[in-house]
Amino acid sequence: MEVLYSLSKTLKDARDKIVEGTLYSNVSDLIQQFNQMIVTMNGNDFQTGGIGNSPVRNWNFDFGLLGTTLLNLDANYVENARTTIEYFVDFIDNVCMDEMTRESQRSGIAPQSEALRKQSGIKFKRINFDNSSDYIENWNLQNRRQRTGFVFHKPNILPYSASFTLNRSQPAHDNLMGTMWINAGSEIQVAGFDYSCAFNAPANIQQFEHVVPLRRALTTATITLLPDAERFSFPRVINSADGTTTWYFNPVILRPSNVEVEFLLNGQIINTYQARFGTIIARNFDTIRLSFQLVRPPNMTPAVANLFPQAPPFIFHATVGLTLRIESAVCESVLADASETLLANVTSVRQEYAIPVGPVFPPGMNWTELITNYSPSREDNLQRVFTVASIRSMLIK
């Protein structure tokens, strides 16, 4: 993997800097590194493809070295270099795509394609290593089963989940009380509702709670907490739990009271925030517990009192809600990130070449299914294909 990254870094620099008119002295070190790459690769044969609809391609390396010049690089010099660069870039692109289409239940962190395995040979160690990539660093750590640390701006750690629970219900579904929520990616929205606006509740207060276990622990998280759940702020028709009927939800939004957010790790409370909105920080957690209340307004104007009568029918439904967004966090596991295209790149390549479903990844790289059942085998394979995708992104946009 280090060889693949070093080749890509050298090629990227060469493509950007070996241009007509450049002083040779400004790129002499790069050209020496480029020539070392050619010397190491010459005489080697590789094969890529052959899985799904990806064509088999054979690669042969027999290129001349770039020479020295006293002055600027001329058009002939650059054209000669470009021919070599383009072949190497095409090779790297195909090696990366070949690697992204393969998976293994055992040793999924190790190279799976023939071409990348061959590059693990001792002779390729002569290529100048550049391990400055976070992904290369973490691939090395994961490969040695050491502690890794991944920084994601918006970690897609929450499997998609959208449902409701009813704490009070009737066959007619005309006086309901409960919670509904949607969890996805890095955002949680939860709403508590009561058709009677807590009229018969103790002290006219309804208590709601929503607990969200994460698939992996997060640390040093920056989080936004808002006293609203906009996805549950408009009328809708909802299928009943048994699927035999539908019921009507017509929310009128109130501000939640006594809001408390707890961040837990292995069942122990690490951070707690009460009635605090905006930006909050969570140090270390694998579970989020949200609790809040719906309080019937003690004083109401006639217009508001008409919204919340003391007896049925209840046309409008009192609703309170919260939105919690994980803006950034550190995670020791491999996760798709809203600010990166790695998952999209891997998925698109696998779709383009109609890669058959293997033993590790779900059909279509369905992220909800993948993160819901996030096994060590899946994590190893994700680490490898995301590393390769990050390498490919240096050369192929």
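Using the three backbone atoms N, Cα and C, a Cβ is placed for every residue, glycine included.
Feature annotations, courtesy of Swiss-Prot:
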BINDING   HIS153  Zn(2+) binding site
BINDING   ASN266, ASP286  Ca(2+) binding site
REGION    62-73  region 'Interaction with the inner capsid protein VP2'
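A C-beta separation below 8 Å, combined with a sequence spacing of at least six in one chain, links HIS153 (Zn(2+) binding site) to GLU327, SER328, ASP337, ALA338, SER339. Following the DSSP three-state reduction, the secondary structure of ASN266 (Ca(2+) binding site) is coil. For ASN266 (Ca(2+) binding site), the same-chain residues 6+ apart in sequence whose C-beta sits under 8 angstroms from its C-beta are ASP286. Under DSSP, ASP286 (Ca(2+) binding site) is assigned to a strand (E or B) in the three-state scheme. A simple way to gauge crowding: the CB of ASP286 (Ca(2+) binding site) has 17 other CB atoms within 10 angstroms, across all the protein chains here.
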